[in-house]
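Sequence annotations record features per position, and here TrEMBL assigns active site, proton acceptor to D300. TrEMBL lists G180, R244, G245, G269, N270, G271, T272 with the feature ATP binding site. If you look up TrEMBL, you'll see N270 marked as Mg(2+) binding site. Among the features that TrEMBL reports, substrate binding site is placed at T298, I299, D300, M343, G344, R345, E399, Y451, M452, I453, R454. Under the heading domain 'Phosphofructokinase', TrEMBL lists 173-475. What TrEMBL lists as site 'Important for substrate specificity' is G271.
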Amino acid sequence: MDTLSQAINPGVLVRSNGLSSLILRKSRSLANHSRISRSSSLKASAIQHSKISTSSIDLNDPDWKSKYERDFEQRFSIPHITDVFPDAEAIRSTFCLKMRSPTEDFVGGYPSDEEWHGYINNNDRVLLKVISYSSPTSAGAECIDPDCSWVEQWVHRAGPREKIYFRPEQVKAAIITCGGLCPGLNDVIRHIVITLEIYGVKNIVGIPFGYRGFSDKDLTEMPLSRKVVQNIHLSGGSLLGVSRGGPSVSEIVDSMEERGINMLFVLGGNGTHAGANAIHNECLKRKMKVAVVGVPKTIDNDILHMDKTFGFDTAVEEAQRAINSAYIEAHSAYHGIGVVKLMGRSSGFIAMQASLASGQVDICLIPEVPFNIHGPNGVLKHLKYLIKTKGSAVICVAEGAGQNFLEKTNAKDASGNTVLGDFGVHIQQETKKYFKEISIPIDVKYIDPTYMIRAVRANASDGILCTVLGQNAVHGAFAGYSGITVGIINTHYAYLPIPEVIAYPKSVDPNSRMWHRCLTSTGQPDFI
């Protein structure tokens, strides 16, 4: 059995069967990409787009649209306990209006309320795409055929079902938090526990320090209850602790069997979800009646299909403090330049949104958009223009931007991610060197608020998102679903099969309206 770090390579878990979408991007954007293919960030973008632009659809087939829709429905179907246990017993849900607080026992039978219409029908769906593009040249257009034909793409609506497939008194639920810290972890933990108790579950535990907690004999599971988690959302971090990597999938499932865990809630990003999917598959292989449900946690907001992931709004809000500090430092100095580096390994959503929200950023650099530092159209030439015309400037960079200018390393972290070079420091040094060569005095201040942002508590927006994600994760597990994750799609909550959300990281579309809005706000030119 592979180690967990090998098992969580998303590339090996993507479903290969079925039709792929043909994404038709704006022709000018593609032309620009071809001109600057030497950029490593561009290469990464091209690889990403190739995964979704290779199509086996025969557009000459008059029935191609219905075939595509059928294939999409098959790919986005969500695994259920009855796939392996067709005779699994379904009972009336213990989650109803008659029970808003934890039940003491089930001596009198399970509570029910046949008059309550708060359940979700299994056939309810959420529309994945809501914009009907009239042309491939429309900003941000994603089309399946050259005519941008409207094709319906539906995913499963999240929420409590009328029938459940686990008896609460027989459930032992476990929660783990993996990867790095992110605002909202404690909020999700809290509402998973509270919702489990409302269903009637008494045996709830936290596995300390991510997947590592399944194998490290020095780490013991933490009993959880409403009393334990009542106020944890008032603090940042994770009550359970976090870590990267871990034991083999086989060892994890062995540990689950020994502990009697039959519900596992996994909070983490792409790699963690790939691990959760591997655990789900191993449980299926062993014919174990276990529900494995993910809750997407990535501060970078790089999970496919979802409007946003928890922690992102808080990160954007907290980043305002760093940007404002950089602005004040730059504005108060003679020829001041403030450089702020924000999170975003392969996706520049935080840098883009924070720049847009602040209104104080002059240059925003993200991994998805290639740029030159030197030369007539480079970043430094524009900085010189800003110093001459404004007297100061603020640069916001995502951590994954400009990696092609840095020396490559083969170093990996425990999750298997490449250790990035510090482009923030690099652009700071290059700026000082450039202005020294042209004899213009400048004062550069560099701010990296990464760990300050990760450690704060969730703001109100993320608090609501975490609450609903935690609740829906429990609803999905009791409904008998496994190998799924829960997310918000077009403002509605939905369940998605894990392989479909970890195929590759979501990234900023350089031809999207949001990136265009950011460019309008900063006033920056194309640095190519």
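Note that Cβ sites are derived from N, Cα and C of the backbone, with glycine treated the same way.
Keep in mind it's a predicted model, so treat the numbers as computed, not measured.
Of G180, G245, G269, N270, T272, all annotated as binding-site residues, the residue with the shortest Cα distance to R454 (substrate binding site) is G180. For E399 (substrate binding site), the nearest of the recorded positions R244, G245, G269, T272, D300 in terms of C-alpha separation is D300.
Note: the CA-CA distance between N270 (ATP binding site) and the residue listed as 'active site, proton acceptor' rounds to 11 Å. When the alpha carbons of the residue listed as 'active site, proton acceptor' and G344 (substrate binding site) are compared, the span between them is 5 angstrom. Binding of substrate is attributed in the record to T298, I299, D300, M343, G344, R345, E399, Y451, M452, I453, R454, and the widest Cα separation among these residues amounts to 17 Å. When Cα-Cα distances from G245 (ATP binding site) are compared across the binding-site residues T298, G344, M452, the shortest belongs to T298.
Nearest by CA distance to G271 (ATP binding site), out of the binding-site residues T298, G344, M452, is T298. Ranked by Cα separation from M452 (substrate binding site), the binding-site residues G180, G269, T272 are led by G180. When averaged over the domain 'Phosphofructokinase' (173-475), pLDDT in the model lands at 95.
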